[in-house]
């Protein structure tokens, strides 16, 4: 069977789908499902560990050199000593090569997979992050190319693992798990040594999402973290904090600014609700309640880990994706919400007075891993968690009464699924599909 797609992303025109599975990135033409771009990350999963080994060797070599110089100086100062003693310091001591550290029992596994993907504003570049060597990757995208439409132009390694990216047309903004945010150019310039990179802003907690936003022709960086904070920083003077948005009680995993109104922000994470903000004005407009709607779709997976499980424990909600669009038919505005590892999509109508009402709960046969939206025709492409070799995607289109319906694209879906080159024998060979809930802080934190 095929390994499910982990990330799906579509261009604004809705003509091409970007999808990742493990360390493989593919671009599909949606008119026929044909592969027009492909890239495989061949970096060794143990590259960071090998770097540690190399650094230790350099330290040992420097220590050995300093010891030899010290001994030689002592011998020169002791001219009365026998010649054989003078030559003692000339014998080079062998360096004991440190072993490559191997994660012990219980250590988190090292995966070689693409952690995040995003298109630049002009869609001329595709950016992502890798888990193997803690790097940001930047591709030039040429959809008119008759060959591979993807060309890797930069791979910038970071000291800490990057977990989220955003960009404008010139700059890639990268957030890492240490709480720092970096800015690197979207260009062909060679990457710099990771130790020379300086963060442009930082949180005291692990970052979970980042956005580049514009308001009144001024740029800002919005960051969400594990400690339920949302920070609004000026950019490029990102040390200047515009606002802190306080409304969440659990981690913030998803920040979304609608294209139809850049003054709004929808945020979600580990709470039972979403927050709707006027982010520039630091105004919380409303909280969108989710628990009653999602409760029928929460399963054993959504319970806390066994060591934290009590009689009072509730099944937990973790927001995987937030999207917004305007219906071409009714011109009404909608919010689409995906909760992690659930067989449903929630749709809410956003009214002119910024009140929000539930519109639809779309039930699916399989858990949804990720979704993306084609704005041109208000349709959704979903990557589904299915043990099959036939259909790893589903298409939903907006029908009458602005209700999503399953659309028949059997041939295209099968063509795309067949092009997925990641075959596995059993489910346990799947890479992480659901990890957002691990951001939730427990009593041990």
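Heads up, the Cβ atoms here are built off N, Cα and C, so glycines get one too.
Taken from Swiss-Prot, the feature compositional bias 'Basic and acidic residues' applies to 60-94.
Annotation comment: Swiss-Prot describes 60-103 as region 'Disordered'.
Sequence annotations record features per position, and here Swiss-Prot assigns repeat 'WD 1' to 109-149. Mean per-residue pLDDT, taken over the repeat 'WD 1' (109-149), amounts to 93.
The repeat 'WD 2' annotation in Swiss-Prot covers 205-243. Counting only same-chain residues 6+ beyond the ends of the repeat 'WD 2' (205-243), those with a CB under 8 A from a CB of the stretch are 163-168, 171, 173-181, 183, 249-257, 262-263, 265, 267, 269, 279-280, 282, 439, 441.
Beyond its flanks by at least six residues, the repeat 'WD 3' (247-289) meets 208-211, 213-215, 220, 222, 224-230, 232, 316-324, 326, 333, 335, 337, 348, 350, 354-356, 375, 436-437, 439-441 of its own chain at Cβ-Cβ distances under 8 Å. Annotation source Swiss-Prot lists repeat 'WD 3' at 247-289.
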So, by DSSP, how many helix, strand and coil residues make up the repeat 'WD 2' (205-243)?
0 helix, 26 strand, 13 coil
